[in-house]
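Trainee: I am attaching a structure below and will ask some questions about it afterwards.
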Amino acid sequence: MAKVSAGDNLTPRTVFSDDNNRINHQPSTSNNGKQISDDDSSSEGGIKLKKELGLLDGVAIIVGVIVGAGIFVSPKGVLLYSRSIGQAIIVWILSGVLSMVGALCYAELGTMIPKSGGDYAYISVAFGPLPAFLYLWVALLILVPTGNAITALTFAQYLLQPTWPTCDPPYEAVRLLAALITCLLSVINCYNVKWVTRVTDIFTGTKILALLIIVAAGACYLLSGNTELLEDPFSNLQTSPGYIALAFYSGLFSYSGWNYLNFVTEELKNPYKNLPRAICISMPMVTIIYVITNIAYFSVLSTDEILSSQAVAVTFGEKMLGYMAWCMPLFVACSTFGSLNGAIFASSRLFFVGARNGHLPAAISLINVNCLTPIPSIIFMCVITLVLLFIKDVYSLINYVSFVEAFFTLISVSGLLWLRRKHPELKRPIKVNLILPIIFLITCGFLVISSCYVSPIEVGVGLLVIISGIPVYYATIHNPFQCMTNFSHKINLFCAKLFVCMPNSEKVD
């Protein structure tokens with residue numbers, strides 16, 4: 001990988017680049033261990049994202065995004081493929097440990113490459129612009145908008161459920177409320193980062209409270225001598241590697257979001273300390289809460305009740321909370337509200353950084369001069385999410401998320417090992433033991449390969465989506481048509497005037 005000195009000014013022209021927003025595709029490094037940084041010609045006094053996130057905000061973002069609807073609605077996925085309660089609990093524990101290992105690897109990447117964008121930034125530095133664009137392409141089509149749309153729909157479904165207690169809420173009402181909440185949270189994200197962190201902090205506390213209520217109810221039930229459901233935890237043990245991999249997929253999907261703080265590194269105060277600290281606080285907390293919550297479920301509900309339930313927490317509440325059972329749908333709605341808020345905040349920075357690097361229209365990298373937030377990026381993501389909300393089969397897209405996410409996580413951690421070999425001189429404020437990324441790499445490799453055997457159709461479609469980004473890259477990034485470049489420039493100027501924005505001038509030291 002070529003090195004670029006601090007004085008070089010590389011300005012590759014793409015259909016998405018702009019005269020006011022030129023970005024280098026190669027990272028800056030030096031032989032004396034200099035930190036990787038963005039290299040643009042902007043002055044220090046330009047428009048930048050503000051560093052407003054402290055340690056507590058970082059913990060709230062990680063916990064808030066991870067603890068979404070999954071633990072309340074569908075923890076049955078792990079049990080379905082494990083077949084035994086004991087094995088399911090082991091999968092939950094190991095999924096948390098594996099997520100912690102992955103988060104520590106990302107802590108090294110995030111402090112070595114202190115750029116927003118998470119996986120996109122790391123893949124770009126390690127392997128170049130094409131693999132990074134393919135990640136951005138898949139995130140744009142599947143990962144981010146699908147996750148946000150399903151989270152918004154889950155919020156609407158459970159908020160409206162008490163109004164229609166004997167049937168499902170109307171399709172149109174659910175979609176319209178989901179669209180409304182998506183737009184509301186997008187406006188909050190556009191206006192003020194402090195508002196975003198306050199919403200995240202409040203609703204993270206709410207969902208932790210809900211889980212503690214479940215745990216307390218389960219503990220009281222067990223202490224009353226009701227232990228019959230836990231007497232033979234390892235009956236019907238699953239031994240097929242393919243189905244064990246699917247159980248881990250379900251577990252890891254419930255922990256997904258541990259890397260979201262890496263998406264907003266440039267807005268984190270003192271990221272070299274607060275990024276690893278937030279990870280080390282939040283991941284053990286989430287793992288412990290998840291495990292004891294599942295033990296509470298298993299102690300109260302039979303395997304058949306869990307597998308037949310549409311929302312395990314609601315079924316648990318109906319059995320244990322009596323006249324207070326109505327609070328569980330409300331807690332699920334609050335949980336998804338907080339998760340959607342954190343996801344919009346973090347993932348909008350992914351598209352912002354992609355546009356800043358010339359991989360999306362330059363307009364998406366503009367920053368509002370008053371709020372200092374990437375308003376075009378947030379609106380762009382909001383529009384894509386709204387489109388998916390009104391696609392009837394949007395839930396089917398989630399089948400392809402786990403494989404694609406595991407595949408690119410595998411590439412990111414491979415980048416960590418590659419950079420250790422090719423660029424040992426890079427400054428690494430956090431340097432994990434080599435055995436951790438190797439363990440994570442082997443585990444992710446096992447999950448990716450096993451999914452090819454168990455779910456070949458989903459894997460095939462996921463690979464097709466990834467490969468379809470290659471011609472798009474060469475048509476719009478590598479060798480674009482002049483008319484497309486001119487059109488992108490006009491859109492950039494229009495958005496700059498409409499949203500009162502200027503190009504980003506961030507320099508990461």
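Each residue, glycine too, has its Cβ placed from N, Cα and C.
Nobody curates TrEMBL annotations by hand; they come from automatic prediction.
Reproduced below are the annotations present in TrEMBL:
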{"type": "REGION", "residues": "1-43", "note": "region 'Disordered'"}
{"type": "COMPBIAS", "residues": "11-35", "note": "compositional bias 'Polar residues'"}
{"type": "TRANSMEM", "residues": "53-73", "note": "transmembrane segment"}
{"type": "TRANSMEM", "residues": "85-109", "note": "transmembrane segment"}
{"type": "TRANSMEM", "residues": "121-144", "note": "transmembrane segment"}
{"type": "TRANSMEM", "residues": "173-193", "note": "transmembrane segment"}
{"type": "TRANSMEM", "residues": "205-224", "note": "transmembrane segment"}
{"type": "TRANSMEM", "residues": "244-263", "note": "transmembrane segment"}
{"type": "TRANSMEM", "residues": "275-300", "note": "transmembrane segment"}
{"type": "TRANSMEM", "residues": "320-346", "note": "transmembrane segment"}
{"type": "TRANSMEM", "residues": "367-391", "note": "transmembrane segment"}
{"type": "TRANSMEM", "residues": "397-419", "note": "transmembrane segment"}
{"type": "TRANSMEM", "residues": "431-451", "note": "transmembrane segment"}
{"type": "TRANSMEM", "residues": "457-476", "note": "transmembrane segment"}
Trainee: With a Cβ cut-off under 8 Å, give me the same-chain residues at least six positions beyond the ends of the transmembrane segment (53-73) that come close to it.
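Mentor: Contacts with the transmembrane segment (53-73): 151, 154-155, 158, 193, 197, 200-201, 203-204, 207-208, 210-211, 253-258, 260-261, 264, 267-269, 274-275, 277-279, 281-283, 285-286, 289-290, 293, 310-314, 328, 331-332, 335-336, 338-339, 341-343, 345-346.
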Trainee: In the same chain, who gets a Cβ under 8 Å from the transmembrane segment (85-109) while lying at least 6 residues past its ends?
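Mentor: Same-chain contacts beyond the flanks: 78-79, 118, 122, 229-230, 233-234, 237-238, 244, 247-248, 250-252, 254-255, 258-259, 262, 275-276, 279-280, 283-284, 286-287, 290-291, 294-295, 298, 303, 409, 412-413, 415-416, 428, 430-432, 436-437, 439-440, 443.
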Trainee: Determine which recorded stretch among 121-144, 205-224, 244-263, 431-451 has the most C-beta pairs below 8 angstroms with the transmembrane segment (275-300).
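Mentor: Selected stretch: 205-224, with the most Cβ pairs under 8 Å.
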Trainee: Six or more residues out from either end of the transmembrane segment (173-193), which same-chain residues have a Cβ under 8 Å from its Cβ atoms?
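Mentor: Contacts with the transmembrane segment (173-193): 50, 52-53, 148-149, 152-153, 155-157, 159-160, 199, 267, 337, 340-341, 344-345, 348, 368, 371-373, 375, 378-379, 381-382, 385-386, 389-390.
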Trainee: Can you say which of 320-346, 397-419, 457-476 has the most Cβ pairs under 8 Å with the transmembrane segment (205-224)?
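Mentor: So the stretch in question is 320-346.
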